[in-house]
Amino acid sequence: MTWRDEIARRVRGEHLRDAPLAPRTAVRVGGPADLLCRPADGDALSALLGAVRELGVPLSVLGGGANTLVADAGVRGVVLRLPQDFPGESTDGDTLVLSAGAPIARLPARAHAHGLVGMEFLGGIPGTLGGAAAMNAGTRLGEMKDVVTRLELATADGAGFVPAAALGYAYRTCRLPPGAVVARVEVRLRPGDVAASEALMREDRERRRATQPLDRPTFGSTFTNPPGEYAGRLIEAVGLKGHRVGGAVWSPVHANFVTNLGGATARDVLALIRLARARVKERFGIALETEVRLMGEFPPDELAGLDGHAADGGGPGAASGGARPREAT
């Protein structure tokens with residue numbers, strides 16, 4: 001019996017072998033996963049985490065595929081993806097407990113259905129809630145740390161809620177314990193004017209359509225903004241706005257967005273990222289940091305010059321590049 005057979009035997013849920021990952025990411029790039037698993041519920045999730053630990057199988061976590069670059073060679077081991085309808089959602093007054101696999105786009109409307117506001121900033125963010133919570137996703141309207149009160153973290157030994165205050169939330173990051181997976185997210189909102197909230201979200205969507213390349217596959221922002229600066233302005237200033245490598249390009253609409261013009265590879269995308277980091281560092285002395293999570297087996301030459309990048313693709317405590325498993329949006 002192979003390790004894939006053993007995991008399928010132990011873990012209730014969906015198991016897809018050699019599953020293409022490019023269609024499951026926002027930028028539409030990357031190779032297949034050895035095994036893509038969608039556990040049926042919390043017990044099945046803990047069973048999966050226990051199985052990969054016992055069998056020594058690498059584990060990566062994929063949410064909606066935003067801010068994620070999968071290696072051209074794909075991802076060895078298990079890629080975990082929580083179902084959208086993962087059990088355990090609830091509402092109690094101004095507090096909602098939501099599945100980490102829930103698409104972000106539907107959450108403001110759910111809050112509005114209960115007369116609650118405060119999630120307007122999620123209206124323009126792709127991906128899933130778990131990934132957004134794990135990386136403290138946000139926009140000019142707010143960020144996840146403004147509303148998250150607790151995360152339910154699953155491990156091989158079970159699951160439990162951890163207060164947001166214990167997770168070290170900061171700009172586009174939080175500190176998840178090694179080997180933990182976000183299963184559910186608790187948010188606290190406030191009663192408010194739903195019509196005004198919807199109008200604010202419509203206005204923000206129109207602004208994004210006018211200033212971002214939303215007609216092409218893209219991560220969203222590639223680099224975080226340095227203190228007091230904008231990554232897009234720096235990339236444009238070094239002459240890379242519209243610069244193309246293979247099927248990938250620094251968007252002529254917004255220079256901090258890599259877009260896939262068709263047939264782009266992870267190698268193409270990383271070449272653009274390395275070039276931008278090098279030129280900005282040389283001219284401005286600023287080391288740009290990526291928002292993009294790397295998942296899978298990347299050749300060393302593709303990672304050269306990407307010190308400090310976030311890596312996925314290994315197992316609990318031993319992800320690709322030596323990092324722990326992370327939730328990707």
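Backbone N, Cα and C define each Cβ position, glycine as well.
According to Swiss-Prot, the feature domain 'FAD-binding PCMH-type' maps to 28-192, an assignment based on sequence analysis.
If you look up Swiss-Prot, you'll see ARG172 (among others) marked as active site, on the strength of sequence analysis. Sequence-distant neighbours of ARG172 (active site) (same chain, 6+ residues apart, CB-CB distance under 8 A): MET135, ASN136, ALA137, GLY138, THR224, GLU291. A coil conformation is recorded for ARG172 (active site) in the three-state DSSP classification, outside any helix or strand.
Sequence-distant contacts of the region 'Disordered' (204-225) (same chain, at least 6 residues past either end, Cβ-Cβ under 8 Å): 26-29, 66-69, 120, 123-126, 139-141, 171-172, 231, 235, 251-254, 256-261, 273, 276, 288-292. The region 'Disordered' annotation in Swiss-Prot covers 204-225 (among others).
Within the same chain, residues at least six positions away from SER221 (active site, proton donor) with a Cβ under 8 Å of its Cβ are ALA231, ASN256, PHE257, GLU291. According to Swiss-Prot, the feature active site, proton donor maps to SER221, an assignment based on sequence analysis.
In the three-state DSSP reading, GLU291 (active site) counts as coil. The active site annotation in Swiss-Prot covers GLU291 (among others) and is backed by sequence analysis.
Summarising the annotation, Swiss-Prot assigns region 'Disordered' to 303-329 (among others).
The feature compositional bias 'Gly residues' is assigned by Swiss-Prot to 311-320.
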Looking only at Cβ atoms, how many others are within 10 Å of the one on GLU291 (active site)? 21
Looking only at the domain 'FAD-binding PCMH-type' (28-192), what is the model's average confidence as pLDDT? 93
When secondary structure is assigned with DSSP, how many helix, strand and coil residues does the region 'Disordered' (204-225) contain? 8 helix, 5 strand, 9 coil
